[in-house]
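According to Swiss-Prot, the features are:
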LIPID     2  N-myristoyl glycine
DOMAIN    21-56  domain 'EF-hand 1'
BINDING   34, 36, 38, 40, 45  Ca(2+) 1 binding site
DOMAIN    60-88  domain 'EF-hand 2'
BINDING   66, 68, 70, 72, 77  Ca(2+) 2 binding site
DOMAIN    90-125  domain 'EF-hand 3'
BINDING   144, 146, 148, 150, 155  Ca(2+) 4 binding site
């Protein structure tokens, strides 16, 4: 993958928070990560990104970056995903990304089971399953304003609106 085709770059300029120079620098970084020169980053390559492998949600993050569900992250998906974490990414973009981490089946809702799975990944063995299920049940009950037993994006957003989630989803990196 030499210089990124201008049509792709033009689309990324329109759809992301990066300028042309930033996209070019990120393209070079992408090419270094793509060790086998396949044009995409597989799970092992994705996990080699500094700070990613130590994140318990790294697998889910990669799945959210992988918009076409191919199992790999191509250049457009890489830039689009990183754009959300840039300082220019909006709070709404960051919250939508966080929501997608929990929405494993991509149906637009966070179910009790999905919330349990993601929280289990995060807390590991620090809580037993019964304690964790109580937290999940309480979280759903307290935030499910329409009573359908699951959280929509708006319910999720309202639940964490007062937290500093958007700030914690901003990466400081040298582009």
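Positions of Cβ are set from backbone N, Cα and C atoms, glycine also.
Features recorded in Swiss-Prot, as mapped to the structure shown.
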residue	record	Cβ contacts under 8 Å, 6 or more apart
36	Ca(2+) 1 binding site	42, 45
40	Ca(2+) 1 binding site	34, 70, 72, 73, 74, 75
66	Ca(2+) 2 binding site	72, 73, 77
68	Ca(2+) 2 binding site	74, 77
144	Ca(2+) 4 binding site	150, 151, 155
148	Ca(2+) 4 binding site	109
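Other residues of the chain with a Cβ within 8 Å of the Cβ centroid of 144, 146, 148, 150, 155, the Ca(2+) 4 site, are 109, 140, 143, 145, 147, 149, 151, 152. Each of 33, 35, 37, 39, 41, 42, 72 belongs to the same chain as 34, 36, 38, 40, 45, is absent from that list, and has a C-beta within 8 angstroms of the C-beta centroid marking the Ca(2+) 1 site.
The Ca(2+) 2 site is defined by 66, 68, 70, 72, 77, and by the 8 Å test on Cβ atoms against their centroid, the other residues of the chain that qualify are 40, 65, 67, 69, 71, 73, 74. A helical conformation is recorded for residue 45 (Ca(2+) 1 binding site) in the three-state DSSP classification.
The separation of residue 38 (Ca(2+) 1 binding site) from residue 146 (Ca(2+) 4 binding site), Cα to Cα, is 46 Å. For residue 34 (Ca(2+) 1 binding site), the number of other Cβ atoms no farther than 10 Å from its own Cβ, over all displayed protein chains, is 20. When secondary structure is read from DSSP and collapsed to three states, residue 155 (Ca(2+) 4 binding site) falls in the helix class. Mapped onto three states, the DSSP output places residue 40 (Ca(2+) 1 binding site) in strand. Take the binding-site residues 45, 72, 77, 146, 155: by the count of other Cβ atoms within 10 Å of each Cβ, the lowest one is 146. Around residue 38 (Ca(2+) 1 binding site), the same-chain residues at least 6 positions away in sequence with a Cβ under 8 Å from its Cβ are 72. When secondary structure is read from DSSP and collapsed to three states, residue 148 (Ca(2+) 4 binding site) falls in the coil class. If you draw a 10 Å sphere around the CB of residue 70 (Ca(2+) 2 binding site), it holds 11 other CB atoms from the protein chains shown. Cβ contacts within 10 Å of residue 150 (Ca(2+) 4 binding site), excluding its own Cβ and spanning all protein chains shown: 20.
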